[in-house]
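A.B. asks: One structure is given below, represented as structure tokens, and several questions about it will come after.
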Amino acid sequence: MAPRVVIPLDQNWEFRQADKPDSKFLPVSQFPTNVHLDLQHHGLIPDPFIGKNELLVQWVGEAQWTYRTVFAAPPVPEGARAVIAFDGLDTFATVVLNGTTILESDNMFLPHRVEVTSVLKAEGNELVITFDSAYLRGCKLVEQHPNHKWGCWNGDVSRLAVRKAQYHWGWDWGPTLLTCGPWRPVHLEIYESRLSDLYAETVVDKSLKRASVKVTAVAERRADRVRFDIALDGQQVATETAELDATSGEATVSFLIDSPALWYPVRYGKQPLYDIRATLLAGDDEVDTLSKRIGLRRAELIQRPLEGQPGTSFFFEVNNIRIYCGGSDWIPADNFIPRISRRRYYDWVRLVAEGNQFMIRVWGGGIYEEQAFYDACDELGILVWQDFMFGCGNYPAWPALLESIRREATENVKRLRHHPSIVIWAGNNEDYQYQESEGLTYDYANKDAESWLKTDFPARYIYEKILADVCADLVPSTPYHPGSPWGAGLNTHDATVGDIHQWNVWHGTQEKWQNFDRLVGRFVSEFGMQAFPAVKTIDAYLPLGRDDPDRYPQSSTVDFHNKAEGHERRIALYLVENLRYAPDPLEHFVYCTQLMQGECLASAYRLWKREWRGPGREYCGGALVWQTNDCWPVTSWSIVDYYLRPKLAYFTVKREMAPVSIGITRRTHLHPRDRHTRVNVDVKTQIEVWASNLTLEDLTVDCVLKAWDVESGEETFSETVAAALLLRENRSTEIAALDVPVRQKNVGEEGRIVVAAYLVDKEGRQMARYVNWPEPLKYVHLQKPRALRAQLTADYSAVEVSAEVPVKGVALECEDDGVRFDDNLVDIVPGEVVTIGVSGAGKDTKIETRYLGMI
């Protein structure tokens, strides 16, 4: 029997506007592709990311487009078949081969395999794909189902009827760009038999000393046997051959591996990946091969009663290690997905890992990501929370749509289930919150799934029946969570169960970020604060760059590149509550917004990680900042902008998620001297100090506190407040509570005292530092720094920063994008040199500084 032949159909593609008679075919820009990329390549539309060009290209999403190619095919042997495999068509596609319609597709997330044996020719095979407007088709579907209670946040309700990336309709951080096209590969296969699936079910003993691996291969059409090989680092671990079951077409073998090489999250161990390979045999002929990379690990979601607080925990345990899942939420890295390279995916995930993050959540309004994304997470040790693709709306549930969703879920879980990084599947993003806000029917006690379809919230059937069943069948050892946020059918804002999205800073009640300790949940899977992107990024989207007349923060073009409703008021609110700032120059305004974001996010991580208090007291098991990234150049909640330029908050999050950190909070208490007076009131400002040890070793440290007068730079206090302090592994430890150290009480001196806390090991090495300032910072009389110095070391590997008075938020800047800093936005106090690692610097590198109060 001849081996399977796979021929990529990635050459000679052309496209044209199908509903415009005089439109000519033009070559595509790349393959896979989409229509915006191809139109832009030929200069037929402007770059939608520049200026307000998004408005000029809206017609593209309402037009009809045709793609075609012509290819030759090898002979199809007797008894063999020819199949064209479409890995992804976006979205409403009619596929015609040599004049015969072979496929009608209406789901962007579904791969298709179509037998074309009887239609294929040796030469001149014409493959034509016509794409209808997803927006217009969606509008028609809405009209055809008037009894459904249509409604959503973000975009247009037509998106709810269409199985397509929901952010293409626009979101509060992204443009409306309704793409279409063959967005994933297309190839021709000729075979008598092939392997259609390969998967492994792994179980690691609680002792971690042994792992069982059950590997199953599924064959399509007749063959005899499958040879299974497992290798690690190129060395064979096991091999075995099994007969194919004549009925199911499956062959299964089980391996026991003693002393397995276990896969760990970043910082807790290595990420060894076993190669499993299946070879399909017909007699002595090797007919087909299929391989996957897997990791061996125990991964559990722990939801159990807590000591001293109501509700249940929500945290992840990997290889018996409790993981505090600090991390971030991922959106698609571009509006035009086909141009995201494998290298770019890796660079994004590497930034996450280098930022001391453990988890990334693939948000439910984008796509089931490319293999390159999950491969990078596997290799770098990043845990993945994977949403299904539903978000912020009341989805309909007619029978054909439900069947399409069932197939979508099945295909994508099968495609991704081998990745050790994926530790949870979640049914949707904020659809239960939408149900609550609109008063849609939801009775958690009612377990009659068919009855859910008759309510005004029929999507419950999708989340609690279809997706739950698919996951139970295909990934029974991976937790399934019906939504995010969700907690056992209780209100999605209940902080004592499940996960929450904490948007009462920015959205909601618009709390001060200093109150994040009162806004904690068992697992906070969204929270955030906006900041402008790098000035270079702004210049890149302004039509005239640095010379553009709209190069100021409140301009219509800059405003256009922020899609959040009410963003002007909210950015202004948090700036004016906290900082002295001015809109000019643009560079310093951008700095102020990034300082604001950095302070906000650091506050959340610092205060919430304090609630990781040890076994049985995991009051907060993780926090995922909204959001990791952007899909275009924009002002948003991201901590790294579209061009992979980290905002300053990236570094404050990195510091707070370091293996060892220290935190301080200030609390002001008013004490009347008798019951009735409002005159004689004592004001006491106290600080609380704690440390976080996320390592797996107990540490013995000294805690040193120092204080300075911010106006004079004079050191006013220096004391070891805890000597030989034991920091137990993987938890926070309370250290001290004391009054703010002042020279004279009851004269308001607390408002000018900066307090720094240090953890020092027995060799005198500094393990952690944190500088606490009076807040709000706008009240502090910041001084122009004396002798502020930021100098490259002789070998250009670091920058040394120092000053003679306390300086808030020193940011290092360099015009050269090739120069990267290991840390940034640091607070400087007298008598200390802060060393920041740098890469890409040389003798001509010029480092500049920016700080709060310089303007």
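Counting starts with 1 at the first residue shown.
For all residues, glycine too, the Cβ spot is worked out from N, Cα and C.
As annotated by Swiss-Prot, N-linked glycosylation site applies to Asn98, Asn693, Asn730. Residues or ranges marked as active site, proton donor by Swiss-Prot on the basis of similarity to another entry: Glu430.
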A.B. asks: Name the residue among the glycosylation sites Asn98, Asn693, Asn730 whose Cβ has the smallest number of other Cβ atoms within 10 Å.
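C.D. replies: Relative to the other glycosylation sites in Asn98, Asn693, Asn730, Asn98 has the fewest Cβ atoms within 10 Å.
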A.B. asks: Between the Cα atoms of Asn730 (N-linked glycosylation site) and Asn693 (N-linked glycosylation site), what distance do you get, rounded to the nearest Å?
C.D. replies: 5
A.B. asks: Validating a neighbour-count step here. Other CB atoms within 10 A of the CB of the residue listed as 'active site, proton donor': how many?
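C.D. replies: The residue listed as 'active site, proton donor': 26 neighbouring Cβ atoms within 10 Å.
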A.B. asks: Provide, as an integer number of angstrom, the distance between the C-alpha atoms of Asn98 (N-linked glycosylation site) and the residue listed as 'active site, proton donor'.
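C.D. replies: Spelling it out, the Cα of Asn98 (N-linked glycosylation site) and the Cα of the residue listed as 'active site, proton donor' are 45 Å apart.
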A.B. asks: Determine, to the nearest whole angstrom, how far the Cα atom of Glu430 (active site, proton donor) is from the Cα atom of Asn693 (N-linked glycosylation site).
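C.D. replies: Distance (Cα to Cα, whole Å): 33 Å.
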A.B. asks: Could you say whether, by DSSP, Asn98 (N-linked glycosylation site) belongs to a helix, a strand or a coil region?
C.D. replies: coil
